[in-house]
């Protein structure tokens, strides 16, 4: 038993060596220090793993969020376009009212929708999100997409008569960012950042900002490791958050709703991932999440399954060795699972961030 505790202590120490700004936590179940944290460029701590909430309906999410909080998740990621901020706010409010959590124990992230990608939309949509979440502030507010869409009275992703997405071609990232900075000054968010921006777009904001982005949230997993972008962010003290870290098994069904039938690779079924999982007596999901952590990246896996939810956060009692890391790095194929082009015409926007050519699953 003593040897096991020694292994855990060594693992935690090694994490801090691999990720210089990762700190060890305590066993306080109602604190963000329950799991190791990274430090944002604002000096604020952020839990090194978060709970993603995209594509979770209200009933399932309410139950799952209770399980997640009990399991120790304190970093909760949502967005205005997910249409689940109200149920998240309901659960968090209940936990705070019941004395099970304090507001400062939670790290809450939400995002400006593409329909709000204009200066006058920033404060408007952040205040809507705060009302939904029943919060006075969020810990991190992100611009969800570099692409701006025209605003409609009801619904999201406005379309033109020909079925293409209704683009706002006047999107101005620098003007938008100035308004984001004002939200920090107003106390409505503690930090600001970006999502789905490419290196050129991030660099432009870094060079022209009063408050530098604290975080960049991007698709990142074993098949899309984005090394150049991750390295750039590290050099500029921008923490990277990985969405779809498990390969987003639900993405195929989402794509098909928009008429896109594309085969997606099974990351968790990859022989290399499975072999490493067997070696460490862990699940494939735990291996790829651990891989992110050791790269200094924050994964935000989504699940409404109680067992998988608990399993996903149980990744701090082992460490991937050099061979494991090398083998996992070799899986990088530049394959993007979340293809925004399911929204027809989106790649016509001047700020569309991704390459026009996408790799196919059968080539992996």
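Every residue gets a Cβ built from N, Cα and C, even glycine.
Unlike curated records, TrEMBL annotations are generated automatically.
Here's what TrEMBL has on this protein:
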type	residues	note
SIGNAL	1-25	signal peptide
DOMAIN	49-332	domain 'NADP-dependent oxidoreductase'
ACT_SITE	82	active site, proton donor
SITE	111	site 'Lowers pKa of active site Tyr'
BINDING	144	substrate binding site
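Feature map: TrEMBL annotations on the structure.
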{"residue": "82", "record": "active site, proton donor", "CB count, 10 Å": "19"}
{"residue": "111", "record": "site 'Lowers pKa of active site Tyr'", "CB count, 10 Å": "27"}
{"residue": "144", "record": "substrate binding site", "CB count, 10 Å": "23"}
Distance [Cα-Cα, Å, rounded] between residue 111 (site 'Lowers pKa of active site Tyr') and residue 144 (substrate binding site): 5
Assigned conformation of residue 82 (active site, proton donor) - DSSP reduced to three states: helix
Mean of the pLDDT scores, which run from 0 to 100, over the domain 'NADP-dependent oxidoreductase' (49-332): 94
Assigned element (helix, strand, coil) containing residue 144 (substrate binding site), judged by DSSP: coil
